[in-house]
Amino acid sequence: METNQLLQLANEYGSPLYVYDGAKIELQYQRLEKAFNKVNSLKINYAVKALSNISILKLLKRLGSGLDTVSIQEVQLGLMAGFAPENIIYTPNGVSMEEIEEVAALGVQINIDNLSILEQFGAKHPTTPVCIRINPHVMAGGNSNISVGHIDSKFGISIHQMPHLLRIIENTGMHINGIHMHTGSDILDIEVFLYAAEILFKAATEFKELEFIDFGSGFKVPYKKDDIETNVEELGKKLSKRFNNFCKEYGRELTLCFEPGKFLVSEAGYFLAKVNVVKQTTSTVFAGIDSGFNHLMRPMLYGSYHHIENLSNIKGKERFYSIVGYICETDTFASNRRIAEINEGDILCFRNAGAYCFSMASNYNSRVRPAEVLWYENKAYLIRERETLDDIIRKQVIVDFETEPATI
Ligand SMILES: *Cc1c(COP(=O)(O)O)cnc(C)c1O
């Protein structure tokens, strides 16, 4: 988006503010679709947890997307956005049998990732088709917090447990209609992805009633200049060919599914915050903004890099700054960054603020969460109001100790 547009939105809606560029979401969606246009049946299920605003879900629905969800609440948001239950897949980890049954009753596709629940679910609901999440144990991730393929990962049913898995299916008579993997965020290497896919293809031959194979996500997007991103065009070419061949061998046309979060929304997001104070210490110049890790947690949680620009002085001479938040705890967004000269009152813009930013925001320090604006077809839509103190105290039950009778 243009600098002036962003500044205007910050002016109109106040700061801090999340802005999403609908056209970029559309572009990424269509890019993935095009990369796999040689596959007869492709299904892209947007991973709701990346950015779960209902209006964003509605935009994705318009593009033809389905949803990947990890909680019953995400399923309910998807239904509110107008998605048909059959266009929602539910891929939880470590949730209760009761929640899984509740979601299955809504008609949503269930994806089970452990043998204990699989056995219980199959015994009680043998006619409900289930997808199974396989862990191929391929390390595709960059950051250990988000790599889910390693051998002691809590995700998925280990590929080494296939005999046990098959026995459960035989004993319960349940129907497996899909097989799934999600090898973790940040796939750098297409060859690694294809290697994991081979493990999944091999496992797939054990199931006779498959309708789809779900390759999860982990597409990498650039966060800084010269960052490597997943070449989805190359992946599309290679995986489509292999997938089509597999369908021939399997004897049935299957649907190829993906569930990208970051790829679809990361670059569409801009987080705008105002500089409250420029503080020169003996060694560092800090720029303190009207936000903190309560609003954008990724740098503190994962050490993630977010590119920061000074929208108020875009062409200014660059100097070194540490950008910090107002949370009373170490709250650093960037250390020693070259940014165009900053003055108090300037608006800073954090890039790649679409995925895992607002969705991880909290009220820590009793701060309200920011507003969200969707910029789409040359119009600004306020898609979430800025919170107020009322939102913070809404669920609090305030005890009046003076009138409360004493208990013994
Ligand atoms: C988080 C998640 C995704 C999305 O991952 P991205 O890296 O954002 O694309 C997809 N599938 C499952 C099961 C997930 O938990």
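Using N, Cα and C of the backbone, Cβ positions are placed for all residues, glycine too.
Bear in mind that TrEMBL entries carry predicted annotations, made automatically and left uncurated.
Sequence annotations record features per position, and here TrEMBL assigns pyridoxal 5'-phosphate binding site to GLY218, TYR356. DSSP classifies GLY218 (pyridoxal 5'-phosphate binding site) as coil under the three-state reduction. Of all Cβ atoms in the protein chains displayed, 30 besides its own lie within 10 Å of the Cβ of GLY218 (pyridoxal 5'-phosphate binding site).
Annotated substrate binding site per TrEMBL: ARG298, TYR302, GLU329, TYR356, in sequence order. With a cut-off of 8 Å between CB atoms and residues at least 6 apart in sequence, the same chain places SER304, HIS306, TYR356, CYS357, MET360 near ARG298 (substrate binding site), listed in sequence order.
Per TrEMBL, domain 'Orn/DAP/Arg decarboxylase 2 C-terminal' is recorded for 18-354.
The domain 'Orn/DAP/Arg decarboxylase 2 N-terminal' annotation in TrEMBL covers 23-266.
The N6-(pyridoxal phosphate)lysine feature in TrEMBL is assigned to LYS49. Of all Cβ atoms in the shown protein chains, 16 besides its own fall within 10 Å of the Cβ of LYS49 (N6-(pyridoxal phosphate)lysine). According to DSSP, LYS49 (N6-(pyridoxal phosphate)lysine) is assigned to a helical segment.
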Record lists ARG298, TYR302, GLU329, TYR356 as binding substrate; longest Cα-Cα distance in Å?
21
Which binding-site residues from the set GLY218, ARG298, TYR302 have a C-beta atom lying less than 6 Å away from ligand 1?
GLY218
Suppose we draw a 10 Å sphere around the Cβ of TYR302 (substrate binding site). How many other Cβ atoms does it contain, all chains included?
15
When the pLDDT values for the domain 'Orn/DAP/Arg decarboxylase 2 N-terminal' (23-266) are averaged, what is the result?
93
Where does ARG298 (substrate binding site) sit in DSSP terms: helix, strand, or coil?
helix
